[in-house]
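Undergrad: Pasting in a structure now, in structure tokens, and then I'll have a few things to ask.
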Amino acid sequence: MNLIHKVSTICQCVLVILAKYCMQIIALSLMSGVQWLAWGIYKINKNRVGIIILFLYIMIVTCYVLTNLTPPGSPSETSFDPNSTRQYMTLQNGKSRFCEKCQEYKCDRSHHCSQCNKCILRMDHHCMWFKNCVGFRNHKFFFLECFYLNLYSICVLYSTFVAITKTFTAEGANISAIYLVFWGFLFAFAVGMSIVMTAFTFYHTSLLIHNLSTLESMSSSWSRYTHSTQPFNVGWYENWCQIMGKSPFLWLLPFPNSIGEGVEYPLNANALPYLPQTEEKNDKLYKSSVPASIAGAEGWSSDEEQYAMKNRRWNPHMGQYEWIEDFLV
């Protein structure tokens, strides 16, 4: 009975692990399977591309593991002090945003992740392939994963194409049909993966050089800004260095050298006129931007209209008034 109980317990543990880390197991299995096929091609057609593919595979697995195991960071894990830290994303009264679920204050660019059940520093998105949030502390590893996976797919595509064409053009070639089936599968997989990862890498490169997260790029609250007035856009080089680090020699290496601790970010000087103000400054801004005939409280036809006008701000980019709350996402 003891043996049966132990075996049953072990099986249950294995099933729990498989269920919990299903996507990670699938991802690593695909990487290893593709590399096994690619190495088989290298053994038959030896060239330098095969060595490059092996190096890229090592970098892919390394970055994948680091993205999974590195916590993205949370405001509670930093020296963030809502009373002394300069912030852009504040409430109308100038106070820091407060997360009701975490029961803690949120710093700039932090958002609550329902999957991780905590607030994430500079949250980009929650990725099912990593079972982790992509945030300030692991964003570099995530980007390098995309970058190296893109190069890997292109190199595998080239290597497979060369192997197939050599097989069909060489005289007296004697290659087993099973090899051609595997190579055909590998070629099709590499085509699809290279297309997807090229688009994905270009997209995330664009986000980095414009200092945007995926959440911010998809938010209607940020669509009102141009690149020149985006609050955190301080130039493509400085934007890039915030995540990838100051040293160009470490940009493509999986070392955690992002600048700062993800709490405070330099602001774009061009965006200063459009940044949220305190209640007092908002009131001054409002009075200077609405016609004098309706600026006084006695001019309001109803409490609702008074609230509506006092809680709107002129957006010069959109050419219309917008709710102040929309600026505070």
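Cβ from N, Cα, C; glycine included.
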Undergrad: Pick from 201-221, 243-263: which range has transmembrane segment per Swiss-Prot?
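TA: Based on what Swiss-Prot states, transmembrane segment spans 243-263.
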Undergrad: On the DSSP side of things, how many residues of the domain 'DHHC' (97-147) fall into helix, strand and coil, could you say?
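TA: Counting residues per DSSP class in the domain 'DHHC' (97-147), I get 9 helix, 18 strand, 24 coil.
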Undergrad: Between 0 and 100, where does the mean pLDDT of the domain 'DHHC' (97-147) sit?
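TA: PLDDT averaged over the stretch: 93.
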